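As recorded in TrEMBL, the features of this protein are as follows:
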- 60: active site, nucleophile (ACT_SITE)
- 177: active site, proton acceptor (ACT_SITE)
- 231-261: coiled coil (COILED)
- 27-190: domain 'PNPLA' (DOMAIN)
- 58-62: motif 'GXSXG' (MOTIF)
């Protein structure tokens, strides 16, 4: 379980080149497969400015960026996405050789070989990885509890795509991709005690999440009997996403949330075009630089509209 406000209150409010604010700051990272190269750019640009939030929550590919952020290693998330292009654990060519579109075990091993575990453990940032519980269809905010094995199991759970990945077991329960139950985990951070949240979205304003209803017969076969609540959650993910977008718009009006999202056309979710991935990453870096004055003003403002 995620610690509540009493625990969060003991953590740093946020660090940056400008100092420390009087607000508890969180950062919420949407998933989006290769579109999360934009998030990787945002995170690297924030780290370049020595900006670290008190709490970070990531869904699916966003979970990998949270891992990257807390370990304070610029470039790791981009490196992972570029590596995917070479089909070591992801894609059609990988499926042709292994029968699996995404090899979660290999993905976790690649992250484990790159992450500075000592820095990750020592850094006082509350982090969690959003997954969807198969048994009840609700979001689960998984933490590492100081265990390296548990950390990478949580990452696998958050990234386990519906249909093409087997559910990941942890503590006797089973999990798949967090984007089904909580694609934009900013409300979770506000509920845990953050006063303000930077929200990183991976698609342009016209982008829409994957609609699984067109795969209803396959979903019924896979989940309806064994995981009926998950089956319902997958079929209703678009409605849940739209509800979150409305809540996010309200949080922006209340000056509790600031959204960073691509201002260019979204790249395909599963593109293996390295130039597109790098360009999307660079756009994330540049957007932080362009909006840095706005970002710091948002973080330093004491105004919260009730």
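The backbone N, Cα and C atoms fix where each Cβ goes, glycine too.
With helix defined as DSSP H, G or I and strand as E or B, the motif 'GXSXG' (58-62) counts 2 helix, 2 strand, 1 coil. In sequence order, 31, 32, 33, 36, 130, 158, 159, 161, 177, 178, 179 constitute the residues six or more apart from residue 60 (active site, nucleophile) in its chain with CB-CB distances below 8 Å. Residue 177 (active site, proton acceptor): 29 other CB atoms within 10 A of its CB, across all protein chains.
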